[in-house]
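Colleague: Pulled these from TrEMBL:
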type: DOMAIN; residues: 57-167; note: domain 'HIT'
type: MOTIF; residues: 151-155; note: motif 'Histidine triad motif'
type: ACT_SITE; residues: His153; note: active site, tele-AMP-histidine intermediate
Amino acid sequence: MSGSRSSGAQVPPATASGDRLAVIASHLSSYGLGSPANMAGEKDAALAAEPVGGPTIFDKIIRKEIPSQVVYEDQKILAFRDISPQAPIHIIIIPKVKDGLSRLLKAEERHIEVLGSLLYGANIVAKQEGLEDGFRIVINDGPNGCQSVYHLHVHLLGGRQMNWPPG
């Protein structure tokens, strides 16, 4: 698997008034890190999110319609810095082709390869980011799992001591 690392300036999220993208983008940019308001905002965004068949914010990032700070890309996955980091290093890793994977609960046997690519990509990015002392992988699934974008994605969190239980 060959990949490339690229960097770019972190740009504020694009918004389109009146649609779900605007709700998510404003949610992602308006709360402080680790504060109780941020936790409420995450929950509110997840409860407001609806699985739809149309393009998500991540589809728009893949098509370069919305800027992102890409840290890794190969034929199957794209990894970029989260615009509302919950740790010193917070990377989102997404499959480039959704193929029905709006959430982990939708995974079928035919998705085994892409699921493996997401975790192997997390391994590559963790090493690239210098996280040899450890990191956390999170997949939020559905409203109770606080999923706010219905395009399967992995959060790679590191750069600090993680706590248990997580939430």
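Every residue gets a Cβ built from N, Cα and C, even glycine.
Caution: TrEMBL annotation is automatic and unverified by curators.
What's the neighbourhood like for each of these?
Modeller: For the domain 'HIT' (57-167), the DSSP counts in helix, strand and coil order read 32 helix, 25 strand, 54 coil.
Taking Cβ pairs closer than 8 Å, the motif 'Histidine triad motif' (151-155) reaches residues 56-59, 82, 86, 90-95, 98, 101-104, 106-107, 118-119, 121-122, 136-140 in its own chain, all 6 or more past its ends.
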